[in-house]
Each structure stands twice: as C-alpha cells, then as structure tokens.
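Student: So TrEMBL lists these for the protein:
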type	residues	note
SIGNAL	1-18	signal peptide
DISULFID	27-103	disulfide bond
DISULFID	30-97	disulfide bond
DISULFID	60-71	disulfide bond
BINDING	145, 147, 221, 386	Zn(2+) 1 binding site
DISULFID	160-165	disulfide bond
DISULFID	166-189	disulfide bond
BINDING	221, 352, 384	Zn(2+) 2 binding site
DISULFID	312-358	disulfide bond
C-alpha cells in the first residue's frame with residue numbers, strides 16, 4: 001500500500017482517539033510502525049518525484065517565470081533538498097505519533113513573546129552609545145557580492161533571455177544591441193575575473209593606509225548568478241580563486257592589519273571554507289566555524305561576530321528540516337555578548353543577508369538580542385542587496401537603537417557599477433565616524449580597453465552626502481524624516497541604491513520604510529501592504545524544542561557521571 005495512504009489512515013484514526021492508560025503500548029507501536037515505514041527502500045517514489053518536478057517545471061515555464069531550461073535546472077537542484085526536509089521533519093515518529101494522539105508531546109512551542117521578554121528582562125536603562133573619543137581611528141574595508149563570472153565574454157550580448165547574460169552564445173537584441181565591455185557591463189551580467197584582480201591591486205595601492213589598523217570584511221557572495229547550472233565543486237573552485245587573489249596580493253603583506261570576516265555558505269561546505277580561512281582565523285576558530293557555522297574573533301576592545309545567514313534565509317530549503325535556530329546561533333551569540341558586556345568590549349555583527357530579508361520569527365529574536373546589548377553593538381555590516389543603504393533597528397517602543405549598514409556590490413549584476421566602501425571608525429569606542437563609497441566608471445575604462453589601470457572613484461562620503469555630523473542611530477533617523485521635505489535627498493538615496501546608474505523613481509514613503517525597519521513585517525506595514533506568512537510559517541509547526549522530561553534528565557545525569565568516572 002502506498003506510504004502516503006498509510007500515513008493518512010494513521011492520522012484519521014489518531015484524531016478520533018485520545019490518550020488512554022495503554023498510552024505507552026500504543027506509543028511504542030506507533031514508533032515501531034512509522035520507523036518501519038521509514039526504512040522501506042525508495043520511500044520517496046521516484047515516479048512521484050518526477051511527476052511533481054514535471055508539474056513545477058511546466059508551471060514555471062508557462063507562467064513565464066523563466067525560460068524552460070532555467071526552470072528545469074533550478075527545480076531539479078531544489079527538489080532533493082525539499083523532499084529530504086519534508087521527510088526529516090514531518091515523516092518522523094516524534095512528529096506523527098503525538099499528532100495522532102498515540103504518544104505524549106515530544107516538542108513544546110517556543111513562543112516569540114517569551115523569548116523577547118526573557119532577553120530584555122535585565123536590559124540596562126541607558127543603552128546609548130558613548131561619545132566619540134576622536135584621538136585615533138581604524139579603518140574597515142567592506143567588500144560584498146563579488147560574483148565573478150569565469151565565462152564572461154567581451155562583445156557578447158548584455159541582454160538575453162536568461163537571468164545571466166554577457167556570455168558566449170547569446171545573440172544581440174535588435175531593441176538593445178549593447179555588447180559586453182572588456183571590464184564589465186552594468187547589465188544583467190556578473191564581473192569579469194580580470195576586473196576583480198585589478199580591484200585587489202587598487203585596494204593595495206590606493207585604499208589601504210599602512211599607518212592605520214585595517215580590517216577587511218568580505219561578506220559573500222562569490223559565484224555567478226547562473227543558479228540553475230551551479231554545482232558544489234565549481235562554486236568551491238570559484239571561491240578559492242577569489243580567496244587566493246586576496247591572499248597573494250593583500251593578506252601576506254598586510255597580515256597584521258587585515259582579517260577576513262566572511263559568511264554565506266551551506267553547512268555541508270563548512271569543511272572546505274574552514275580550511276580555506278584557517279591561516280588567518282587560526283586553528284581553533286576555523287575548527288569552531290566548521291562545527292557551528294559562526295565564530296567570534298577578538299581584537300583588543302573589538303569583537304567581530306560572523307555568522308552564516310543561511311540560518312534565517314527564507315530561500316534556504318534546508319530549513320524545512322528545522323527553522324528553529326538550527327545551529328544554535330542565537331543562544332551562543334547571547335553568551336558572547338554577555339562576555340563582551342562584562343569587558344565593555346565593542347561588538348560588530350557581520351553576515352551576508354541583512355535581517356530585513358530574513359524569516360520574520362528569526363529576525364524578531366535577533367532584534368531583541370541587539371536591543372538588549374545595543375550599548376556595545378556598535379556596528380552591523382551586511383551585503384546581499386547590491387544597493388547602498390542602511391536599516392535602523394528599533395526597540396520595543398519604536399526608538400532607534402542600532403544600525404545595519406548594507407553595502408553595494410562589486411559585481412555589476414543587476415545594472416550596477418562595481419562598488420565597495422571604507423569605514424572610518426573611532427579606535428576607542430569603535431563607533432563609525434564616516435564612510436566613503438567607491439565606484440568604478442565602467443564606460444571610461446571600457447573605452448580605454450585592456451591596457452587600462454582601473455581606479456575606483458570616491459562617489460561620496462556619508463556625512464557630506466546626507467548632511468550630518470555624526471552617525472548615531474538618532475542621526476540616521478533624522479535623515480529619514482527629511483525625506484518628506486527634501487526632494488533632492490530622495491534622489492540621492494535612489495541614485496545610490498542603484499550604485500550610480502540612474503533613478504528608479506523611489507518615493508519618500510518607500511525609502512522611509514526601507515531605511516527605518518530591520519524586520520520584513522514591519523517594512524510591509526510601513527508601506528501599507530497586507531501581511532502574509534512566508535512558506536516556513538505555513539508548513540512548519542513553528543519554533544519548537546524537545547521536551548526534557550525528568551526521566552531524561554536523570555538519564556543524562558547518570559551518563560555524565562559515568563563519563564566522569566571513566
């Protein structure tokens with residue numbers, strides 16, 4: 001009999017049942033039965049998977065979401081992960097048996113309100129940052145979304161019918177016959193590797209100040225945007241090539257100054273990445289990252305906490321297995337923040353995806369954690385958006401208390417100029433004083449050709465561009481209030497979000513909402529949109545943890561004592 005029919009019968013029986021004195025007997029039988037089903041070979045019938053893939057491919061292509069080859073490749077890549085996640089989370093005896101009331105509950109719900117109140121119970125009255133000292137500064141170079149394309153082809157079409165162009169095989173369009181430039185194209189194209197090589201040279205000769213302590217924050221992504229064709233080995237090779245260029249031209253000479261803080265990889269790639277970064281993370285930190293997917297590095301009065309933001313990414317299908325802080329990052333981060341608070345040590349968070357793009361339940365918990373330790377969290381640095389802006393973090397009363405800085409991309413995808421930034425930071429308090437946004441004039445250097453020596457121009461500095469003297473949360477909120485009375489300020493934000501390639505026509509209200517919110521639901525409410533759940537909230541029972549009964553506690557204690565005796 002089909003396994004799905006068996007499970008439906010179990011559910012129908014269970015919902016008409018209630019726990020009895022024979023609970024243990026029924027529970028044991030249920031566990032045994034479900035476990036037996038799980039052991040059946042080919043539990044996921046290949047014909048069913050093939051049929052569902054076929055339906056999804058047809059819908060994707062028919063709805064003009066993408067062309068058929070793109071739909072087929074992307075769906076084929078995602079399907080195994082989706083079905084594995086469903087099987088792991090829902091076709092499990094600890095889920096099914098309590099659901100049909102043949103066993104007592106194994107998991108308890110973790111309520112968001114309880115988490116927030118517990119985190120904030122000892123929040124200090126004063127969470128304001130101290131005054132900037134100003135006697136000395138350090139510098140932070142932030143590079144994000146490099147996305148080198150090893151198949152970039154000069155002279156190919158900038159416009160094509162796939163999500164990534166500027167490659168051999170695409171014919172020029174009659175309505176827009178632009179050809180890919182030698183150094184890159186502000187189009188639906190990624191960055192030529194040679195442009196990245198020149199970028200590293202430029203950092204060394206024109207950006208790094210040898211008289212200043214300098215940090216390099218590199219926050220992913222590395223690989224090109226042909227996600228329907230990608231494979232594990234190719235992605236690793238691409239990341240290694242980028243890393244070797246950083247290492248060969250920068251790290252070896254400036255090792256005492258530069259530390260690489262980078263994220264964005266799936267858990268099954270941690271071994272590869274921890275080995276890549278071992279030279280400057282150190283053996284202990286590299287090993288910790290390999291095991292957990294996050295790490296902390298201390299530099300005197302500064303601690304940098306880097307985490308893999310796939311743990312909160314709504315597009316990460318691995319979270320079907322368990323969206324409940326699967327790596328334990330939030331609990332660990334709380335302990336790290338407590339340690340830093342005791343030492344009055346400043347903390348920076350860095351990752352690839354900013355929390356406004358994260359799953360809402362996770363983002364709200366992280367926001368509460370930042371609120372509790374807002375006094376020592378002096379900076380948050382993220383990428384992913386391919387546009388230049390910031391997000392204000394608000395406390396429970398709606399008051400601004402922290403800032404996430406989101407950087408433009410080094411890649412030209414989607415219609416951008418290659419960009420990065422350099423922060424000037426007060427060395428004593430670790431509060432950002434200013435930052436400089438750098439952009440590459442592609443038209444200029446494509447005209448010169450292959451003999452050009454690339455130089456990124458300083459497009460603006462934050463203080464001058466937005467008319468402020470300091471960069472405290474209250475200063476940045478005041479900027480957003482001016483959007484409704486200063487049309488030129490609106491144009492500046494719009495232009496900078498597009499990395500200098502033009503205006504999108506963003507309204508003051510849209511920009512106000514974008515800048516003032518770190519949680520997706522709050523952003524939607526601000527824009528007047530109807531709140532909808534993301535996919536995890538529809539199919540998942542929510543955040544949960546295994547109930548630790550007294551019997552299990554005694555058993556754990558007994559095992560611990562036996563280990564100690566040994």
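Every residue, even glycine, has its Cβ placed from backbone N, Cα and C.
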Student: CA-CA, which of the binding-site residues 352, 384, 386 lies nearest residue 97 (disulfide bond)?
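Tutor: Closest recorded candidate to residue 97 (disulfide bond) by Cα: 352.
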Student: By Cβ count within 10 Å, point out the most packed of the disulfide-bonded residues listed: 30, 60, 97, 165, 189.
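Tutor: Per the Cβ count within 10 Å, the most buried is 189.
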Student: Using Cα-Cα distances with a 10 Å cut-off, which of the recorded positions 145, 165, 221, 386 are near residue 352 (Zn(2+) 2 binding site)?
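Tutor: The recorded positions passing the 10 Å Cα test are 145, 221.
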Student: Taking just the CA atoms, what is the gap between residue 165 (disulfide bond) and residue 221 (Zn(2+) 1 binding site) in Å?
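Tutor: Residue 165 (disulfide bond) and residue 221 (Zn(2+) 1 binding site) have their Cα atoms 18 Å apart.
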Student: Please report how many Å separate the Cα atom of residue 312 (disulfide bond) from that of residue 166 (disulfide bond), as a whole number.
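Tutor: A Cα-Cα distance of 32 Å.
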Student: With a 10 Å radius around each C-beta, find which of these disulfide-bonded residues (71, 166) has the fewest other C-beta atoms nearby.
Tutor: 71
Student: What is the total of other Cβ atoms whose distance to the Cβ of residue 358 (disulfide bond) is within 10 Å?
Tutor: 24
Student: Recorded positions 103, 160, 166, 221, 384, 386: which have a Cα within 10 Å of residue 30 (disulfide bond)?
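Tutor: Among 103, 160, 166, 221, 384, 386, the ones whose Cα sits within 10 Å of that of residue 30 (disulfide bond) are 103.
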Student: I need the nearest neighbour of residue 221 (Zn(2+) 1 binding site) among the disulfide-bonded residues 60, 71, 103, using C-alpha distances.
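Tutor: Of the disulfide-bonded residues 60, 71, 103, 71 has its Cα closest to that of residue 221 (Zn(2+) 1 binding site).
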Student: Between residue 147 (Zn(2+) 1 binding site) and residue 189 (disulfide bond), what C-alpha distance do you get in Å?
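Tutor: The separation of the Cα atoms works out to 9 Å.
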